[in-house]
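A.B. asks: Please find one structure pasted underneath; my questions will follow.
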Amino acid sequence: MKVSQLRRTRRKSDQQDSRRVQREHKEVEEPEEEMAQYVVARNIYSEDKFNEEHEKIYRQRKTILNHVTQFFRCDSRRVRLAALSLLPVISWMKIYRVKEWLLSDIVSGVSTGLVAVLQGLAYCLLASLPPWYGLFSAFFPVVIYFFLGTSPHLCPFPVLCLMIGSVVTRLGLTRDEQRVLVASSVSFLAGIMQLAMGIFQVGFVVLYLSDTLVSGFTTAAAVHILVSQLKFVLGLTVPGISGPLAIVYTLEVIFTKITGTNVCDVVISVVIMVVVFVVKELNDRYKSKLPVPIPIEVIMTVIACGVSYAFDFKTKYGIDVVGMIPRGRTEPRDLPGNAVEAFPMAIVGFAVAFSVAKVYSVKHDYTIDGNQELIAFGVSNIFGASFKSFAASTALSRSAVQESTGGKTQFNNFFSFPGCGLLSAIIVMVVTLAIGFLLEPLPKSVLGAVVIVNLKGMLMQVREVPYLWRRDKPDCVVWIGTCLASIFLGLDLGLAVGLGIELISVVLRAQFPRCSVLANIQGTDIYKDRKDYLSIFEPEGVKIFRIPSPLFFANIDFFRNKLVEALGFNPLRVLRKRNKALRMIRRLLKRGELHCTPKGYLNTACEPYKELEDEDSTEDLDLPTDFRDLPIQVDWNADLPANISVPQIDLHSLVLDFSAVSFLDISALKGLKTTLKELVRIEVEVYIVACDQYILEKLHSCCFFDDEVQPSIFFLTLHDAMLHILERHPEAIQTKTHFSKIVTTATVHHTNNSIRSRDRNGMETRF
């Protein structure tokens, strides 16, 4: 028994020894991975010295005349590119893959067309027009967009319908023909404006509508749409109200008449909304397994039409139905209009459509031309409005249906709302010309319910507010301000208010940037905010100041104030104090009350010197200090005679980091020069680092430099300037010890993937 226990003990001990030896071998074989390093040995470069040692290529700048000449130059290549640009259909037709794309385009076109018919009818109610005019708008505009558009993932947007409806309501028109004429005329003018902006290449204006602003605006539009559909869901007769606080007055009317609600309309709407919502959620959850999303809106519409026709809901329950849909085509006609109403529609329509197009262009790797899109939308709306349709842009839900069903090109995007497809338009055309009468018994409450359910995506954008508040409070203010203004003031005024808030936020960010004082991270050539790190090195008498913004008329005073705050003294006040002290010293020397000794000035007066009233004059106090008529120079950091008091400063060098300054205007240039002169006159050396070449050229052209402010103050990098300062003022680091050497090296990569250091003779500086 004892022998077996002894054997087990020995075996266990041997296993432990074996594991220990393996760990030791592993530690030897696998040393800790060292961090990669680079070492550079080079001269300290100022801008002037660098330009002397390295020859620069001077490029000839194009003049305005050169740009104008090039713009109007015409040759065969330019004509070909212009044709391809104006007719993108040529480009994608040449690369169309019939075997790979045709089937997916057919499936997508059929699915999108079914949704297009229903939403065309529903969104027409938002425009306060008879429902069948939505079919005209689902047919005519896209005939042109098929040839001119650059994105295959676009469809109509209900916000534009609501904006058109607000115009129609504001005019107080009662006849359908008058409403249609006004809606078409406003759409026509919006198209003209879009076309003009596209021709004059001003598609960049949409860049001023940020994603945050568009999100807040569309959320507010969704609230307006929701309120506007309540009258159909509840079966109430609510007069059209427009202008500021229109949504409040509309809700007041609805709650006043709530006792007259049509129960049949409510039941139909609730059933439709519940079923459509549930099926849409299933579509989203199982979209990877479903070949085609279930067109639940179409299915419920067909069922509702059948039930309404079979039980005669219009007669028995008094519900409002779509009614007669005229067959055939409509004739073009001349249109009046109001440009003031059309302009916000033109901007909003293009902005939203372009934002959606950008999302899908990134996902499917195709390019979007903003100016060409403006031309496409403009011509499409002009053409469509001539046939009594209203402005079209994009609908997020239908674009998603088209994309999710595999739509690849504009082939499935012909004859519907812009970009919704050839096949979908054929379906719309068939409904318009032949079978539209089958939709006559469709209750309007069904259309209202479908519209409300499709608002889910836009209404859920409110979840962005907590995220924006945590990440970017100014953007959150833009979102909330745009949303609230659009809800209570109306979409047109709300958009203007939101744009104003956005521009103000941009101006404030540029006008009040986060300035900082930098310090060296020990053992590196890296400089960071001194408040953020512990292992920092700050040479005595040196201050590094950074402004992360362009300098212009609005923030130059802020820059000066922040610089004074960082320095701890006002250089102009110090300069005036010194000049006033010199005046007093000269007067005392002239009276014989002050004598010059090897140790400095000695006051022999019995009473302290009192300033005279005329000595408070600031004349000549802003000029540089002049010691020419004094026997010895004054040491401003020593005790001065009599009762003369001048602030002592322990700063000998200031470095301004201009790496984030992208431009300077004339006002900022003057303010900067004044600040530099004030610092130079109190014997503070100023250096500017990482300045953009464009700014340097502008400073030279504006005669910025003189005897006091010289080009030699500009250095390539912050570290170059710091090494230069330490070379001139070695006492700045004499009191600092145990600072590691900053090692930098240039590396050369060879074909065998090895890395070799290239040694150079250069200055070594210990920090």
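Quick reminder: no glycine exception, Cβ is built from N, Cα and C everywhere.
Annotations in TrEMBL come from automatic prediction, not curation.
Below are the features I grabbed from TrEMBL:
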type: COMPBIAS; residues: 1-11; note: compositional bias 'Basic residues'
type: REGION; residues: 1-33; note: region 'Disordered'
type: COMPBIAS; residues: 12-28; note: compositional bias 'Basic and acidic residues'
type: TRANSMEM; residues: 101-125; note: transmembrane segment
type: TRANSMEM; residues: 180-200; note: transmembrane segment
type: TRANSMEM; residues: 206-227; note: transmembrane segment
type: TRANSMEM; residues: 232-251; note: transmembrane segment
type: TRANSMEM; residues: 257-278; note: transmembrane segment
type: TRANSMEM; residues: 290-311; note: transmembrane segment
type: TRANSMEM; residues: 342-362; note: transmembrane segment
type: TRANSMEM; residues: 374-395; note: transmembrane segment
type: TRANSMEM; residues: 415-439; note: transmembrane segment
type: TRANSMEM; residues: 477-504; note: transmembrane segment
type: DOMAIN; residues: 532-725; note: domain 'STAS'
A.B. asks: Going through 180-200, 232-251, 257-278, 477-504 one by one, which has the most CB pairs that fall under 8 Å from the transmembrane segment (290-311)?
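C.D. replies: Per the Cβ under 8 Å count, 257-278.
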A.B. asks: Same-chain Cβ contacts of the transmembrane segment (206-227) under 8 Å, 6 or more residues past its ends?
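C.D. replies: For the transmembrane segment (206-227), the list is 126, 158-159, 162, 247, 250-251, 254, 347-348, 350-352, 354-355, 370, 451-452, 455, 458-459, 461-462, 464, 468, 475, 478-487, 491, 494-495, 498-499, 502-503.
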A.B. asks: Examine the transmembrane segment (257-278) against the transmembrane segment (374-395) and state whether at least 3 Cβ pairs sit under 8 A, considering only residue pairs 6 or more apart.
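C.D. replies: Counting Cβ pairs under 8 Å, fewer than 3, so no.
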A.B. asks: Sort out the residues at least 6 away from either end of the transmembrane segment (477-504), same chain, that have Cβ-Cβ distances under 8 Å to it, and list them.
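C.D. replies: 159, 162-163, 166, 208-210, 212-213, 215-217, 219-221, 223-224, 242-248, 341, 344, 347-348, 464-465, 468.
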A.B. asks: Are there residues at least six beyond either end of the transmembrane segment (232-251) with Cβ under 8 Å to its Cβ atoms? List them, or say none.
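C.D. replies: Cβ under 8 Å, 6 or more out: 125, 128, 165-170, 172, 223-224, 257-258, 260-262, 264-266, 269, 318-320, 444-445, 447-449, 452, 487-490, 493.
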A.B. asks: What is the average pLDDT across the domain 'STAS' (532-725)?
C.D. replies: 84
